[in-house]
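Listed in Swiss-Prot:
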BINDING   TYR978  S-adenosyl-L-methionine binding site
COMPBIAS  65-78  compositional bias 'Pro residues'
COMPBIAS  127-139  compositional bias 'Basic and acidic residues'
COMPBIAS  367-393  compositional bias 'Basic and acidic residues'
DOMAIN    402-461  domain 'FYR N-terminal'
DOMAIN    861-979  domain 'SET'
DOMAIN    985-1001  domain 'Post-SET'
REGION    31-151  region 'Disordered'
REGION    367-399  region 'Disordered'
ZN_FING   553-609  zinc finger
ZN_FING   564-615  zinc finger
ZN_FING   677-744  zinc finger
Amino acid sequence: MVIAVEGGFVHEEEEVDHPIRYLPLGRVYSSSAPCPLPKKPRSAEDGKPPVIVYYRRRRKKPRVEGPPPSPATAPPMLHPREDDEDEEVTRRKGSLKYELLSLGQAPPALGGDGEEPARRRCLRRSGGAERRGYFSEPKRRQRQGVHKEAASSAGRRWLELEIEAADPLAFVGLGCKVFWPLDEDWYKGSITGYNEATKKHSVKYDDGESEDLNLADERIKFSISSEEMKCRNLKFGISNLNKRGYDELLALAVSLHDYQGLDPGDLVWAKLTGHAMWPAVVVDESNVPANRALKPGRLDQSILVQFFGTHDFARIKLKQAVPFLNGLLSSLHLKCKQARFYRSLEEAKEFLCTQLLPENMLQLQKSMEKGSSDANSNKDVHSCDNLSEDKTAESGGDYDEMTPIELGNLRVSKLGRIVTDSDYFHNKKHIWPEGYTAFRKFRSVKDPHVVILYKMEVLRNSDIKARPLFRVTSEDGTQIDGSTPNTCWKEIYCRLKEKQRNVASGLDRDVCQGSGSYMFGFSNPQIRQLIQELPNARSCLKYFENAGDTFRGYRAVHVNWKDLDYCSVCDMDEEYEDNLFLQCDKCRMMVHARCYGELEPLNGVLWLCNLCRPEAPRVSPRCCLCPVTGGAMKPTTDGRWAHLACAIWIPETCLKDVKRMEPIDGLSRINKDRWKLLCSICGVAYGACIQCSHPTCRVAYHPLCARAADLCVELEDDDKIHLMLLDEDEDPCIRLLSYCKKHRQPSTERPSLESNLAKPAVVVQTDAVPPSGCARTEPYNIHGRRGQKQPQVMATASVKRLYVENMPYIVSGFCQNRVGHDAISEPIQSVGFLDVAHQEAVGNVSSMIEKYKSMKATFRRRLAFGKSRIHGFGVFAKVSHKAGDMMIEYIGELVRPPISDIRERRIYNSLVGAGTYMFRIDDERVIDATRAGSIAHLINHSCEPNCYSRVISVLGDEHIIIFAKRDINPWEELTYDYRFVSSDQRLPCYCGFPKCRGVVNDVEAEGQSAKIRVNRSELFQQ
């Protein structure tokens, strides 16, 4: 506890030889309390610090409910007279400035029963009643029985459960307790029901109030036993602790905001020239050591601060200091990505919780240097003891109640907590949480023929508080302590070998081969993943820096991929019979089956990627090689996750199983200089980068950042691959090349739209060559229209085309015209309700067959045709669609390729102004939608389309489906790329987009088809 005296701050352990200026409220208003006198110096024989009576905000609650004390035995309540209550509250606000530093709460008006009425406030993300408002009036709660621990049934414990993957009705009837951040307390209740419409559970608290909550967004625990978890099919869940860190810090700042200013002991954001805003604490002049040379300044216009993390002192102006809460609301905690900045935030959070500065900060202050070395050492040990006890009481309870994890012969009962005040509780390979407890069966050191249970613990060393102590205790009473896990188990192995020498026992040599980390369970991938997800795990810099997943400089990069029809791994859009496209039915990610390692065909059943499956991590993992979120990710050999594209492009990484494309290996072989490269595109100093393949260029970038920036990330030139001398038995070596924006290869020259209009096209009757996998559609040709064909007429028609707007044709049914009635308002209003229903339907996860049936049943209500700005008629969306949605099926007459060629040459080409609507399924089937079909054949071509075509298989039948390539807004025209392939025809394009290539033809495909490739072995055959 911190008490303000004349001349600065003094802790309750320190000795003062002058009168105390500020006293607790209990001693001020107590008639029986003795007059405060200065304390005498402590004698050297005293082993404990003197006991000082101090004021507590709340009484310590017992664990077991007991009978209420009788009026005769109850302690006297200290409170002012009722008529002077308002006057005393006003007078006490200023006098408790320094006393509140150790309390962390506002001084309430004491009630008649001696306890303050609890003010329950809420800081939620979801909207709700007025009392959830951020600045709304807090509602008083009468919590007579909320904090009382009821005698629970045997086997019940408070656990956090998996919510998203569980049945919502399985939680109904369970007891629960919800954490309210602003109150920093749990409120008990029970789940009474579930609303299917709002997707929320009804919670009724023990004090009589009730509310509807989305359990996935709350910090909630359930009272449940192991048998009930199995019956209800519930699983133990790990909460999103990273998200809670900011909420807890904000809640602490809100609770102390009214009493935070620029006085000594207040928390602020301080600004120094050339540095980011940094959390600091205001200190007094007497706390600054004499050897610190600070910049002089006027006392009334400057303050002294000590920064968290760096522990440096500085004198700043008043305008350079910002209250801590205001800085959090202004997102100052996101302005810096340095490791010491994150450590300063953790120290600031610890200060708000305990109102005690870190030990290193106190040692640097002048008041810590006055005492003798013995007193300082005793005080340091005592403060460390208190700190360990406080932290254990604060966070240890959550992990004591975890469900034991069974991993073969290993059983982990407690994960413990991450130690942030010492760097000795982790190294480059492992993290050792304090309080970690595990059990393992092994041979007894007394009788090697008997297998007993060993208990393994990670404790804090009582002699050296900054170092861990590993303890192994057996059932027969043997206890072994060591500084490392290997030390403990090495001693056990030595005793077993010594016993083997004395007694002729057939002890196997392989029994004593396991390392200490293996025996404790720290090398297990599942345990390692759980430890990494503990709170404050990212503060273990040595561990994460060695793994390349350093927390320093990380910032998530969200990429809005425009080409949803491209594979997320190889970035190709071609689909083959033996390598079909797969789309995740939940996140809409598109990959090739071989690129993702799916060996068995799906046949239209539900398919989910690794991150969307039920066994996936609850918190979406981030790639350890780049900051880009989402995408095709696979697990690594060390328990992390990485993009397949990153693993393919980084030279040191590889795949252990190429067929299944997992796991990713070789992260430890990545050159340490590659981790230090800064991406020139996203600017995030995180992950491993590749460099430009130009001989003299060293520009670095992440592989996915380069793909998002349209840089050249491709295979080596095909013209050079055939020159490589390879044996037929060897796998061909393919070199991956990437070029920066300056050195990327120039794109193929695309013909301009004006050149196509200036030169009239000459129609040549040739044998129609069926294209591969694209629509055979001929846009309307203005040169083939009837009437005059002079250049003036063509120019007039082209100018007129620019002023034509999209006019959808809306079918509204019969309605009688009347004055002031808008005939289009009713259909638009009805479409609005359809939009909401469609969005709700799309949000559900369904298989390919279910999506196909839903598309067939609703495409008439979702789509309409009308006048198009591009050409003739087009198809428009009535409602909004998400990327990956099925839009419509391309329907027509199924014919053989020879029949389609005859129809096109003899009939369709002779019709003036008629188009050819043929879509090829494979080499044996073509869909002719010229005379029969749906409105899908009216979808126009665009060089920057919002849809794409794809052949899917549903119940053994193949269908051509038009998919949404990106999110489509209402009344937006649908377009896709025809990719017309013809060596002698050039069809002009009128889409008008900035990246228009001028023609409908697929120039790249035509160039590749013109090349003739012959295997090198065939050239030398006789």
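Backbone N, Cα and C atoms are what each Cβ position is placed from, and that goes for glycine too.
In the zinc finger (564-615), helix, strand and coil residues by DSSP number 4 helix, 8 strand, 40 coil. In the three-state DSSP reading, the residue listed as 'S-adenosyl-L-methionine binding site' counts as coil. Around the Cβ of the residue listed as 'S-adenosyl-L-methionine binding site', a 10 Å sphere holds 26 further Cβ atoms from the protein chains shown.
Mapped onto DSSP helix, strand and coil, the domain 'Post-SET' (985-1001) counts 0 helix, 3 strand, 14 coil. Taken together, the residues in the zinc finger (553-609) have a mean pLDDT of 80 on the 0 to 100 scale.
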